[in-house]
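Visitor: Have a look at this one.
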Amino acid sequence: MFCYQCEQTAGGSGCTRVGVCGKNEDIASLQDTIIIGLKGIAAYAYHAGELGARDPEVDAFMHEALFTTLTNVDFDLNRHIETALKVGAMNLRVMELLDRAHVERFGAPEPTKVSTGTKAGPGILVTGHDLLDLYELLRQTEGTGINVYTHGEMLPAHAYPELKKFPHLVGNYGSAWQNQKKEFEDFPGAILGTTNCVLIPKESYRERMFTCGIAGLPGVTHIKNRDFTPVIEKAKSLPPLEEKAGGELTTGFHHQAVLKLAGQIIDAVKAGKIRHFFLVGGCDGAKPGRNYYTEFVEKVPKDCVVLTLGCGKYRFNHLDLGDIDGIPRLLDMGQCNNAYSALQVALALADAFKCSVNELPLSLVLSWFEQKAVAILLTLLHLGVRNIRIGPSLPAFLTPGVLKVLQEKYNLKPITTPEQDLKEILG
């Protein structure tokens, strides 16, 4: 543990074995888990709020949960576990809120093929998560001859009707956040970072990068009030992109789109044509070992379907997995917050087969990197989902004691190898 939030912290530098206040490492671990999960909720609530959607119950809970982590407030382990699970419950509410706000503003996502090539002409590359920022940029660039490209978690934007209607939203450039320094350096146009997942830029592209909203970078112009004039003018002044052919990625399998296939899916399961579903997704990152997810999906048998979301999908969304009776074997459900869609599909299947989610032929193999992923994990635990595999490593803020509780109650486990995990899951 490490805690230095009060004046009496050990040695004036930090408590590392037990708190001077009396809290042990497990309480400290759960307090960290609560705070980290609340950060994830805050991100989703911020996006929903920008679209005019708010939930007073979520706001009130955030105050209550933060209060529990103050010095000398609560030393009860079980109460801390309850609060951590309630973080998951509130994250479910806020993901639903954000999904509803996105659909009301931009329409329900629909399966869409997205080009990874480039068009001749000036371009702007948009990274992050904020669909409203992208919409405003598209509106302001209409008729300018500037093409707009998505990057990273912005890929699913192409599936929303009110965004895809802009003909100058032409494709997706690059991959996940950790590759941006190379990809942004190679992209000759202007670059806009809208939320988290920006990195301190290299000098080679700093002067043509911009941030807006919550994002900020040193030496980079910050756009206020969604007036993207400086970005547009910069794009016009830069060398145009060349026409380059690329492949295609498919996104847009929002739960509304997937549930339209529910009859086909149920029939395929009953006929033995679909043996198992895998949710393989979450965050991507630079840590070695994430090739596990590529190899895992490559080795998934042909009678299984893979659902994915978040930027972790870039490890395998280029693979052509084909289909089963017209049902794509790889279904990209969207951004990390579209974990809500995955849950809706799981609940609908459980209802159709008259069983619990844990009794479905469904396995979760998650990749995590940051705080939103922790909030989603807590949501899954709140719902009682068991047998989740997580990687590439377990969270450092979970002590052996807390991890033991999660393993005993939920059978939460680290990934091992694709071969071993598939064998254990499928038998």
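One is the number of the first residue shown, and numbering goes on along the chain from there.
Cβ atoms here come from the backbone N, Cα and C positions, even for glycine.
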Visitor: Can you pick which of Cys212, Cys304, Cys311, Cys355 Swiss-Prot lists for the same hybrid [4Fe-2O-2S] cluster site as His129, Glu153, Cys197, Cys283, Cys336, Glu370, Lys372?
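Guide: The candidate from Cys212, Cys304, Cys311, Cys355 that Swiss-Prot ties to hybrid [4Fe-2O-2S] cluster along with His129, Glu153, Cys197, Cys283, Cys336, Glu370, Lys372 is Cys311.
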Visitor: Indicate whether Cys15 ([4Fe-4S] cluster binding site) is helix, strand or coil by DSSP.
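Guide: It is in a strand.
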Visitor: From the Cα of Cys15 ([4Fe-4S] cluster binding site) across to the Cα of Cys283 (hybrid [4Fe-2O-2S] cluster binding site), what is the distance in angstrom?
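Guide: Each residue's Cα considered, Cys283 (hybrid [4Fe-2O-2S] cluster binding site) and Cys15 ([4Fe-4S] cluster binding site) end up 31 Å apart.
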Visitor: Cα-Cα separation of Glu370 (hybrid [4Fe-2O-2S] cluster binding site) and Cys3 ([4Fe-4S] cluster binding site), in Å?
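Guide: Counting only the Cα atoms, the answer is 20 Å.
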Visitor: Compile a sequence-ordered list of residues in the same chain as Glu153 (hybrid [4Fe-2O-2S] cluster binding site), six or more apart from it, whose Cβ lies below 8 A from its Cβ; state 'none' when nothing qualifies.
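Guide: Counting only residues 6 or more apart in sequence, the Cβ neighbours of Glu153 (hybrid [4Fe-2O-2S] cluster binding site) under 8 Å are Thr127, Gly128, His129, Trp177, Cys197, Gly310, Cys311, Gln335, Cys336.
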Visitor: So for Lys372 (hybrid [4Fe-2O-2S] cluster binding site), how many other CB atoms are inside 10 Å of its CB?
Guide: 28
Visitor: At a 10 A cut-off on CB-CB distances, which of the binding-site residues Cys6, Cys15, Cys311, Cys336 has the highest count?
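Guide: By the 10 Å Cβ neighbour count, Cys311 comes out on top.
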